[in-house]
Amino acid sequence: MALLMRLLTLALALSVGPAGTLAGPAKSPYQLVLQHSRLRGRQHGPNVCAVQKVIGTNKKYFTNCKQWYQRKICGKSTVISYECCPGYEKVPGEKGCPAALPLSNLYETMGVVGSTTTQLYTDRTEKLRPEMEGPGSFTIFAPSNEAWSSLPAEVLDSLVSNVNIELLNALRYHMVDRRVLTDELKHGMTLTSMYQNSNIQIHHYPNGIVTVNCARLLKADHHATNGVVHLIDKVISTITNNIQQIIEIEDTFETLRAAVAASGLNTVLEGDGQFTLLAPTNEAFEKIPAETLNRILGDPEALRDLLNNHILKSAMCAEAIVAGMSMETLGGTTLEVGCSGDKLTINGKAVISNKDILATNGVIHFIDELLIPDSAKTLLELAGESDVSTAIDILKQAGLDTHLSGKEQLTFLAPLNSVFKDGVPRIDAQMKTLLLNHMVKEQLASKYLYSGQTLDTLGGKKLRVFVYRNSLCIENSCIAAHDKRGRFGTLFTMDRMLTPPMGTVMDVLKGDNRFSMLVAAIQSAGLMEILNREGVYTVFAPTNEAFQAMPPEELNKLLANAKELTNILKYHIGDEILVSGGIGALVRLKSLQGDKLEVSSKNNVVSVNKEPVAETDIMATNGVVYAINTVLQPPANRPQERGDELADSALEIFKQASAYSRAAQRSVRLAPVYQRLLERMKH
């Protein structure tokens, strides 16, 4: 009962917020960032918030955890200052900001938050100031003084030339006829403004930044007697066109316009939703080689993939980007959208030339470079962007590169450049065949490969797939990087050249003079049939040198005992195919003899039972061969090791028994006696 009461007390404590109130709904991202800023500023007194200012600019941000430690925003260094949190002010002689700001009407509150220019323009109209000072409940997104001063002169002149129509309408568009706080500003919502019920777009991002028509909230939730004031960094204007309509009227989108029409994506860009279009200008298309561009424009599927790669699934305003973030496109790819100073970047490159062109269904950023996805590229183009350029050069020398630029459904198993660090192989008929065996006759995806699968190549070979815990291999070569899936082909980056099998394990051993003594031993033991038939074996093949290193009397004794010879040879044969790329730190491989082999790899050196392997991955149709310069001994043939194991087992038994009785504890003291008896058994 006492335990139950403690649990109930804990549950009640967790469900109750500050001052005994029930815990409320989850805080919005903005409120969470503000809370973090409060925590960082509390050492300076009550209601103090830490603020990060970007050095060399007037930009300030409430600090989140990541920015606090990095001290950077958009790659620029920041300095920390401490200010009164929204709604509070200092009191002379007291620490922090202990006093709540006295409530005034909307008009007066705009002056408090630093929007005196908005006050000035409000005074110029006949109707607006009385509304702001009178009864009612309103929200105003008040532009900062800097926002007004940054307006183009012709825009400002048109507003002030007709204050009771143009200026009044512009100011009313910044107002909503009810109180709206940041916790109500949901991502992707629209608010109805007081100018002809025109919509205002709201975006509330996970990093705590809130935008209104892509203008950032600088100071939020300043209460007034008749509403609330949010200070924003831009003067906002009405949005009338959708994305497709903007494409239609912009001269710089002539090529994009034609491409969208040909792809049928115009229905998407004029429909409902909130998208970001990274809109390539005419100049962006002109940078692409004519052959490549014509190929894509003439291929409906590639064209659609190209355009989908320029459409983000959500609206992303420039002011919301303070660091790199991955964003998904309509095509399912991801782009890294970031910033460097005042410039927006895509995949680390500053390609955005004009930003935040607002549409009713999203936002447009002009880009001066085409973002071609892998799915619209040929295999040759994919390879040109990967660390396999040497393999491509070899293909070109062999006259085989046309396979990678056409419409053949292929998967190219391309060795890394590092594979050729010792030189490029000579191009002859045999090398051409080997290169063709690096081209699989279908477009694959590595995530669908499975162990035991066979792949047909242009060179006429069947390649086997081996799946291990931490690697995926095709014959002796393992995939070293993520697939690149192109329009018709897929690029697999491989860690070595393939060596397709040329015969059975027995064929391999017979064809290599190093193994002549092993072949004779296999024949003597009657194991030829096993190594000639279909199967999956890993053979650690002792070389002639290994047999010659044995004491003559021991070797003669072994060869004279057919049963013992068979036992030892079977211990050298694993019951599955294990290529070196699948080994990892340690693999215990069961042998045909029954005991397990310990195979390990460290610093590119493969060992079996701690003995280094002389040569790895000699592929056969029914297995793989490793050359070793030692004859391995099964555990039963290692008396010292066997005795140690028995001794360890005896000690363990007595240790376990000691946990249960005093008699068992006395038995543990007898363990050294048993140890000595076992030592005698070994001799």
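Glycine is no exception: its Cβ is also placed from the backbone N, Cα and C atoms.
Noted from Swiss-Prot: Cys74 is disulfide-bonded to Cys339, selected from Cys214, Cys317, Cys339.
Which of Cys49, Cys65, Cys97 pairs with Cys85 is settled by Swiss-Prot: its disulfide partner is Cys49. Residue with the densest Cβ environment among the modified residues Ser37, Cys65: Ser37, by other Cβ atoms within 10 Å. Sorting each residue of the domain 'EMI' (45-99) by its DSSP state yields 6 helix, 24 strand, 25 coil. When the Cα atoms are compared, Cys65 (S-cysteinyl cysteine) and Ser37 (phosphoserine) turn out to be 9 Å apart.
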